[in-house]
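K.L.:
According to TrEMBL, the feature compositional bias 'Low complexity' maps to 439-460. The domain 'Plastocyanin-like' annotation in TrEMBL covers 28-144, 152-297, 358-513. What TrEMBL lists as signal peptide is 1-19. Marked as transmembrane segment by TrEMBL: 580-602.
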Amino acid sequence: MRILSRVALLSLTTAAAHAATVVYDFNVSWITTNPDGLAERPVIGINNQWPPPRIDVQVGDRLIVNLHNSLGDEDTSLHFHGLFMNGSNHMDGPVMVTQCPIPPGASFTYNFTVDQPGTYWYHSHNKGQYPDGFRGPLVIHDPKAPFEYDEELVLTVSDWYHDRMSLLQPRFMSKYNPTGAEPVPKSALMNDTQNLTMPMVPDRTYLFRIANIGAFAGQYIWVEDHTITVVEMDGVYVHPTETNMVYVAAAQRCSFLLTAKKDTSRNFPIIASMDTTLFDTIPDGLNTNVTSYLLYNPTAPLPLPTPLDTLTPLNDALLLPQDNLTTLPSPDQTITLNVTMNNLASGANYAFFNDITYVPPLVPTLYTVLSSPNSSSSQEDLTTNPSIYGTYTHPFILSHNSIVQLVLNNLDSGRHPFHLHGHQFQILHRSAADEGTWSPSSPSSSSISSFSTSNPNNSNHTAAPMRRDTLVVEPNGNAVIRFQADNPGVWLFHCHIEWHMISGLAVTFIEAPSVLQQTIKLPADHLAACRDRQDPIPIEGNAAGRGGAKNDADVSQWLVLDGQPSPPKPIPAGFTGGGIAALTMSCFTGILGVAVVAWYGFSEPVGESNSASAAAVKTKSPAAAGESGSESGVYTDVDSAAGKSASVVRVKRGTEAVESEALSFGSEEEAVNGVGMATSKKLKGDGVVVDVDAITRA
């Protein structure tokens, strides 16, 4: 790893005299590790090391990351979570949104200026890859931070799996998992390990930077017998707020101040506890906590955490931003997004915004913007036509500098942390769980228009609403957020539970596309990632790869979406034609079977009219009746007329054997005598009396 023009980034006692260029070389490859001590597994390391390194820069620096893909069997990419990328949308990193995937053996450079302070992180943004270990913290230091401290400590928290995502994903998106139950993590980690110790200097103030870099579980975080003071959330400085516990969802960040005790006789646990309400099941033996320690005394024991009856974290929506930025004006555009989960015809469970599940296009959406015709070239303005970006990228066109309001109705029974690329948003309202969809007329939503400060406990906020880039919406609850579209680009809005991103819970905001065309020129290595691969990806055209260069005189193909990637078809609401045919044939076959059985049961025996049809009984004496091998038979319908034949059925007693034979006789008497019975109204056999009158015609 190479770092230029930066020395002693960890020392924050002096301000940098000028901006610098910071360069990291990342060679990405598979290595083997065992961070929780339970199972070795392959992970994605950087420069043959894992955990990945922390990226440290300062406000105003230029950050360059040269990434080389040595994975061998997987594409990759890199996203810098929470950074605005203003003027550098092509450096944002999500595959098939702002770039092509980086194939094995290829190199790709990310080069941009950081202009915002705070705690962030980086991770792969390619097909659910980052839970394989390709993620790490990114800190943008600020010499002008509005709070003081002596030392900073960076802590990541995460859930952890023992299998590669390439194995877990097919099991998750399968007809054998129709409920969409997300894989439950095997453990939790802190700084990608467990039982971490952090030496404390008495009476010293520490800035703890916390980032949840996990795939699924939110984390409750607290320090025993210590009060913490929250000063930053998702890169937004807030008025210092004391609390005992914070909740940090997947992708969220939180920074707090902690002053060490003067007494050094004891050590104290710092605990991160996974939010188990997100799990469909809790496997036996799962440790949902990860514990580290504030080490005041190396010779003192490391105590077990004290169990808590309830978890009551700080309500992040009630924090006040340090800059006191007031509520944005009334929205120019309001977008309502309803969150649902459902099965499609493949049998797998998918996630939906407004009944659309996200599917990546054939051309990266940013490349569609850059190659599309617009009015500046005296042609039809297709750049602002959402159709060209495809149905299943779920595109929304945002006008430059417009005020956009999102209404989020979570119709699902689980929490969702929603993340917006390229922006921070104001939290105007967030309901409690089970309050249903948002309505402007509901009592809990009425303060959105007024933002009264008379009730500080109202989650509908004050005149300076809290801002962040990732917000948790409660189960069967709702939220309203607002932002200004002042950053031209193609930006995803999606759930940051990685399983839900995999199952399609995302939309695409295409912000000021005409402006974007004038500000971005794609570097050669970005285009090479599309072309120099076994399966080349088109770099021009609509979501289906149709259209071509923006100066092409024929623009009609831009509106043809035949061949665009699409999800499986919905499950039909009623019977399909095939189902109706199958049901009809089943019913017909059943009725026919019953009719045949009935006909057979009531039909006459087949034979000549002068035959003596009989069933006979041949038994031994009563003393021998129970012996194995004894026989019995029954004559039926003994005719008084002479006959020529009779049917004899013999049943072996003590067995299940049935024998049948046809015998010929000259008369009834011969027939009866032929089986050893007397001819009379009452036919008597050896030990058996058979009443002919009681026998019915077969």
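Each residue, glycine too, has its Cβ placed from N, Cα and C.
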K.L.:
By Cβ distance under 8 Å, which residues at least 6 away from the ends of the transmembrane segment (580-602) in the same chain are close to it?
P.N.:
none
K.L.:
Grab the pLDDT values for the domain 'Plastocyanin-like' (28-144) and give me their mean, rounded.
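P.N.:
For the domain 'Plastocyanin-like' (28-144), the model's average pLDDT rounds to 98.
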K.L.:
Based on DSSP, tally up the residues of the domain 'Plastocyanin-like' (28-144) by helix, strand and coil.
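P.N.:
Result for the domain 'Plastocyanin-like' (28-144), in helix, strand, coil order: 6 helix, 52 strand, 59 coil.
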K.L.:
May I have the DSSP-based helix, strand and coil counts for the residues of the domain 'Plastocyanin-like' (152-297)?
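P.N.:
Helix (H, G, I), strand (E, B), coil: 11 helix, 69 strand, 66 coil.
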